[in-house]
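Student: Before I ask anything, here is the structure I am working with.
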Amino acid sequence: MDEQAGPGVFFSNNHPGAGGAKGLGPLAEAAAAGDGAAAAGAARAQYSLPGILHFLQHEWARFEVERAQWEVERAELQAQIAFLQGERKGQENLKKDLVRRIKMLEYALKQERAKYHKLKYGTELNQGDMKPPSYDSDEGNETEVQPQQNSQLMWKQGRQLLRQYLQEVGYTDTILDVKSKRVRALLGFSSDVTDREDDKNQDSVINGTEAEVKETAMIGKSELTDSASVLDNFKFLESAAADVSDEDEDEDTDGRAKSVIDTSTIVRKKALPDTSEDRDTKEALKEFDFLVTSEEGDNESRSAGDGTDWEKEDQCLTPEAWNVDQGVISKLKEQYKKERKGKKGVKRPNRSKLQDMLANLRDVDELPSLQPSVGSPSRPSSSRLPEQELSRADEVEALTFPPSSGKSFIMGADEALESELGLGELAGLTVANEADSLAYDIANNKDALRKTWNPKFTLRSHFDGIRALAFHPIEPVLITASEDHTLKMWNLQKTAPAKKSTSLDVEPIYTFRAHKGPVLCVVMSSNGEQCYSGGTDGRIQSWSTTNPNVDPYDAYDPSVLRGPLLGHTDAVWGLAYSAAHQRLLSCSADGTLRLWNTTEVAPALSVFNDNQELGIPASVDLVSSDPSHMVASFSKGYTSIFNMETQQRVLTLESNVDSTSSSSCQINRVISHPTLPISITAHEDRHIKFYDNNTGKLIHSMVAHLEAVTSLAVDPNGLYLMSGSHDCSIRLWNLESKTCIQEFTAHRKKFEESIHDVAFHPSKCYIASAGADALAKVFV
């Protein structure tokens, strides 16, 4: 029997009680055999060869995916590390550069302090050891430059390793070259040395005069430039400041190459001039250039258009080809310097010699045709001139004029000879027109001696726009009126140094507080003991001015406020003080002009324009030529003169009033000339107009600014007019010629407004401006 038939078969043959099972027989045997085969088949199917292969392939694919993800993450992290390293290196370079700048500025500041102290006090300022700043980066660069005696193989290996590092970081050689050239261009360095050497190589190959000395010099130069290029790239990464040391190294190598070739020849010195040579030496060398041209004319022919080939050719020749005696050259140099010193002291010829010279120059046909001297390359412009002009120049040299290389000897400037030899108006000069030129010179001298105003003080204590200002008639004191409801008094002699500039700041010595709204105008009495202000509250406040030397922190003095002048029902726009009658004029938005007695706080003495037939007054002033008259401008564009004693309107000045447009004809300010019967008005349409007070006719009109003209002031002598505008500019005008002689920007815009008022000091050299930017500025 087969042993592998199963356990059922084995037990049925040997067990003594198996006879009861024999009745089932073949069915039981078949069932038992089927169960055993199924269990064995299931065990074998779990570890089949295809399943194992499939499992291995699946696991390998999963491993490859995870490995790819790991590689991507590794590459990203490496890129991030490289980026951060580059960023760190850039920050370090920036820090080094900033430290160098700080040290440089500190050193410059110490020098300026010492210079200022020496100029002011005449003694040296003791600041300790004033040594030029030493930079750590420079010391590091010097230590890096020292090991230059390495072999060529070491340089190549270092260069290759550096290129590999740069490629990993993300830089390439091209980017480095571009950045290096850009930095050099910004710093003002140039690579003239390499260009010069390339030109020398080309010329030497063309001329066929290559020398062994030149070859050895160029071999040494190539080795040095090979190493210098590596240092250039490395130092560019280290710091931007190392370019200076690289340039110094290039200059040193250039000096070594220059020392290999004989430096005793004139041509070599001409090709690579030494910076220590002075101007006289260079000009002396130019005088001997004819030696070079004559020598070349015997040996070979040169093209007429090329004037520099002779320099390049002779650089490769040996010094024995010239046989130049250096002693003779030095003697000629000294002689030339003495001649130049003698020519510097030559005086101009007198008038008779000039007239004779002019007469000779006008007779072109009678001049003899002299042969020009030997042409030298040092005078390229002389070859372009005709022979007649050269002959004239030679004649002029006999009149002790210095030679001018083909340019006009009378003009003495850079213009070339024009028609009539560039004489222009000098050719027609006669005795008759001397008076005209004298008057012209006098006018020019007046303009040259004219004072130029410069900003001196900035007054910064107000919190809102400054509407008006007034100077004390005698003292350097200024009062400003602001939209912050206050007036402030400033002593221009009590200054304090400003925080951020060299200018001086002034602090207010007193603040006037009584108005219940913005203060629009202010005026001072003739003796400076009282001042008056008007505001939007319709009140005119009368003040007693304090002592200019008062302590700003003194106790409050109630006697400063004298009391209000009541009568106006709307904002007071303008004030004017009459010193002759001690009267005060005011104009208000209620349409009236009022005359007040300043000696007492009382109602107005008289009221003008009560029916508002001319409109609402905007500005008022006293007529200086007639103290009993006043002039006022109105919103409808009219300007009228009133008699204060009779309260009658005397004259209405000529005006082109457009009834359809109110803004175009608006007059912002009217003032009277201090000595002449002239009224001047400032208009919203950018014009300034001048009127005759006797006839009312318009004398002159001009567009004075880019935007509306807001304020006017005339100096006490009546020579100059100052105007302010919303275009942020102040302009100073000559009243005689009606021309602008100075313009300066004083304030910034705020709500499309800029300058509200300008003023001259009555007795001192001050002018002031008030702006919408809450600043008042004083000019001297």
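Including glycine, each Cβ sits where the backbone N, Cα and C put it.
Quick paste from Swiss-Prot:
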type	residues	note
COILED	53-120	coiled coil
REGION	55-63	region 'Caveolin-binding'
REGION	123-150	region 'Disordered'
MOD_RES	Ser137	phosphoserine
MOD_RES	Thr225	phosphothreonine
MOD_RES	Ser227	phosphoserine
MOD_RES	Ser229	phosphoserine
MOD_RES	Ser245	phosphoserine
MOD_RES	Ser259	phosphoserine
REGION	289-312	region 'Disordered'
COMPBIAS	299-312	compositional bias 'Basic and acidic residues'
REGION	334-353	region 'Disordered'
REGION	364-392	region 'Disordered'
REPEAT	461-500	repeat 'WD 1'
REPEAT	514-553	repeat 'WD 2'
REPEAT	567-606	repeat 'WD 3'
REPEAT	662-701	repeat 'WD 4'
REPEAT	704-743	repeat 'WD 5'
REPEAT	750-780	repeat 'WD 6'
Student: Find the member of 461-500, 567-606, 704-743 that has more C-beta pairs under 8 Å to the repeat 'WD 6' (750-780) than any other listed stretch.
Tutor: 461-500
Student: Mind pulling out the one from 514-553, 567-606, 662-701, 704-743 with the most Cβ pairs under 8 angstroms to the repeat 'WD 1' (461-500)?
Tutor: 514-553
Student: Within the repeat 'WD 4' (662-701) only, compute the mean pLDDT.
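Tutor: For the repeat 'WD 4' (662-701), the model's average pLDDT rounds to 85.
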